[in-house]
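Features reported for this protein in TrEMBL:
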- 30: active site, nucleophile (ACT_SITE)
- 32: active site, proton donor (ACT_SITE)
- 30, 32, 248: Mg(2+) binding site (BINDING)
- 223: substrate binding site (BINDING)
């Protein structure tokens, strides 16, 4: 319904809202920027998600955040008031570890990332180099001659969010990737995270630095790669045409929906806005058209009053 029209749900009549609700059985939602911002819940989001679940919709949280394990994301969600289970969480740290496990990977991972990825790799028995700082211990010439150590048996470079990203890490990653048999895996390519008065680099910033240096293209695990939801589709847990993807970032969340054949809902509490949608509408680039959502709402919490209002005009 409303395919790539960016229809404002608040402009629909109760009967139209009711019909839209009838058009999907499953909901896949992004987390940061939709449900919460860092540690703070976005007002109305838990009540809306829990109500949708109470209506019988299957609910899945899908995040490109590679810093947390599924268990950590579960606890965060429960603490913020969401009625979820670990099986309902799709996270790139877990997905990256599963990807390697399913390939029967038996070498060591050079890891640029956070403890969440390390713990998920540990959980499936995959050895890795660990996380933390790797700083320049000397000027470049001396560093290359005396301090740079290239370890044997590295079969993959995995890159996620790393607050300790550095020149030594980029040098080592590119060096390992000079072997064409070494896998180059990115948890996601989110460029940045805006904060009041500043911008925090996202995993995509680190991935692109290594991509440039290594002259290699990564296997991207997270959104918008449809592989992140492939098991749900293959196991028939969701039907793409009857699945709603909710997100705040069009080039990951909405594009994932486009790539998988999901319906899409953009919320205005995160990265992209209606101004961005207007630019994509006017663009001559066909790839920009893929970023236009089916429907829009200022914040997810605004959906619950619309649902409740539709109850008196429909069968919900």
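Keep in mind that glycine also has a Cβ here, set from the backbone N, Cα and C atoms.
The CA atom of residue 30 (active site, nucleophile) is located 10 Å away from the CA atom of residue 223 (substrate binding site).
When the recorded positions 30, 32, 248 are compared by the number of other CB atoms within 10 angstroms of each CB, 32 has the fewest.
Taking the C-alpha positions, the distance from residue 32 (active site, proton donor) to residue 248 (Mg(2+) binding site) comes to 8 Å. Shown in sequence order, 30, 62, 64, 188, 247, 252, 253, 255, 256 are the residues of the chain, 6+ apart in sequence, with a C-beta less than 8 angstroms from the C-beta of residue 223 (substrate binding site). Apart from the site residues 30, 32, 248, the chain places the Cβ of 31, 33, 34, 35, 63, 247, 249, 253, 267, 270, 271 no farther than 8 Å from the centroid of the site's Cβ atoms, the recorded Mg(2+) location.
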